Amino acid sequence: MQNLNTLDVAGKRVLVRVDYNVPIKGGVIQDDTRITASLPTLNALLERGASLVLMSHLGRPKGGSDPKYSLEPLQGPLSQALGRPVKFIASAPSSDETLQAVQALQPGEVALLENVRFEAGEEKNDPALVEKLARLGDAFVLDAFGSAHRAHASVSGVAGKLPHAAGTLLQTEVDALDRLINNPAHPYVVIIGGAKVSDKIKVIENLLPKVDKLLIGGGMAYTFIKARGGQIGESIHEDDQLELARRLLDEYAGKIMLPSDVIAADAFDAEANTQVVPSGAIPDGWQGLDAGPETVKAYTAALQGAKTVFWNGPLGVFEFEKFAGGTNAIAKAVADLSGAYTVIGGGDSVSAINKSGQADKVSHISTGGGASLELLEGQQLPGVEAMQ
Ligand SMILES: Nc1ncnc2c1ncn2[C@@H]1O[C@H](COP(=O)(O)OP(=O)(O)OP(=O)(O)O)[C@@H](O)[C@H]1O
Ligand SMILES: O=C(O)[C@H](O)COP(=O)(O)O
């Protein structure tokens with residue numbers, strides 16, 4: 001990828017695509033990993049005499065402006081993190097008003113654009129939008145690793161119109177994940193959790209031949225347990241994925257681990273009644289919302305001796321205290337491993353490791369959820385390709 005140091009930025013206005021798609025509740029940022037991760041690139045550009053125009057998406061608005069997804073709540077925290085004021089530009093990123101506002105920037109000044117997904121052309125990589133966004137900078141830096149798997153106007157589109165380079169976050173992420181793809185040290189253990197099988201079944205399928213063990217957890221385990229003939233009560237599952245789950249279980253019986261027991265709840269609720277039951281014998285009216293104690297023990301044991309570990313996705317509905325135990329236990333087990341190269345990716349698993357206070361014991365914390373999974377699947381990411 002084009003190196004940031006080769007880009008001429010002194011006295012220039014640099015358009016930087018960051019990924020500030022951060023969890024926000026009631027206007028308050030819940031996890032600032034992605035903001036902190038963008039600072040090395042931003043500070044390096046500022047030190048070299050650039051002015052910055054920061055561009056990101058937030059959430060999935062439907063191609064129109066929606067106050068719920070405004071990036072304005074980031075202005076304060078970002079100013080604080082950078083130690084200098086950040087100007088928030090509320091007008092549409094493609095508008096002349098925005099162009100005029102960024103043209104007024106002096107070296108060392110920083111502007112944050114409104115959510116680029118408020119533009120209907122963003123996700124379609126519309127050439128007209130690409131032209132308008134490209135007007136905002138003299139050069140383009142892609143540092144949004146979390147969005148590098150999106151062939152959108154603000155990611156790969158503008159790269160074709162301006163001198164460009166990869167930011168240090170993008171470069172660091174690609175290098176760190178490369179160690180999982182090319183000659184990972186064995187035993188190689190992968191833990192995949194989260195809610196939807198259909199989102200992650202491809203990565204599971206592609207990883208199975210390469211790993212020694214694949215531990216499946218969270219909501220996605222129930223499709224596999226049902227495929228094996230288990231009773232899953234009301235647990236989340238995807239019937240249209242049963243066939244593929246069955247095939248993978250047949251083909252890779254020795255590698256796939258599924259929960260043996262679960263914490264079942266009588267409702268999807270923080271205050272639900274709970275009981276520990278075998279994962280294949282969940283009573284009608286009950287649903288599995290977390291890994292049970294035997295499962296936690298077995299998964300922790302399976303991690304021992306691993307030389308390479310990748311974890312994506314929570315092992316339960318960790319947003320509810322009662323069902324966070326499995327996720328927290330895995331966070332601790334991964335952090336406690338010694339002599340292993342450990343990588344955690346995906347918003348929820350990263351906030352679990354941050355909350356556990358043991359993030360510094362993990363080799364690499366990826367800011368990419370879908371992006372890190374697509375890289376691991378062996379796909380070329382449009383953002384990475386655009387920086388070649
Ligand atoms: N047993 C379960 N039943 C229902 N939902 C579950 C269960 N286990 C986990 N979940 C939910 O899965 C969601 C997270 O899934 P997801 O696949 O988005 O993971 P992630 O780590 O955030 O990855 P990414 O950042 O790639 O989206 C959480 O909101 C969690 O509550
Ligand atoms: O959080 C993420 O994974 C990235 O910001 C990409 O978001 P998206 O899945 O809405 O494109």
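Each Cβ is built from the backbone N, Cα and C atoms, and glycine gets one as well.
Here the structure is a predicted model, which means the values were calculated and not measured.
Checking the candidates ARG34, ARG84, ARG135 against TrEMBL: the one annotated together with ASP19, TYR20, ASN21, HIS57, LEU58, GLY59, ARG60, ARG117, ARG150 at the substrate site is ARG34. Matching LYS161, LYS200, LYS202 to the ATP binding residues that TrEMBL gives (GLY288, GLU319, GLY346, GLY347, ASP348, SER349) identifies LYS200. With a 10 A radius on its CB, GLY347 (ATP binding site) counts 22 other CB atoms from all the protein chains. Listed in sequence order, the binding-site residues among ARG34, GLY346, GLY347 whose CB lies under 6 angstroms from an atom of ligand 1 come out as GLY346, GLY347. Its Cβ placed at the centre, ASP348 (ATP binding site) has 22 other Cβ atoms within 10 Å.
Under 6 Å, Cβ to nearest atom of ligand 2: this is the test, and of the binding-site residues ASP19, ARG150, GLY288 it is passed by ASP19, ARG150. The two recorded residues, GLY346 (ATP binding site) and GLY59 (substrate binding site), have Cα atoms 15 Å apart. Comparing the binding-site residues GLY59, GLY288, GLY346 on other C-beta atoms within 10 angstroms of each C-beta gives the minimum for GLY59.
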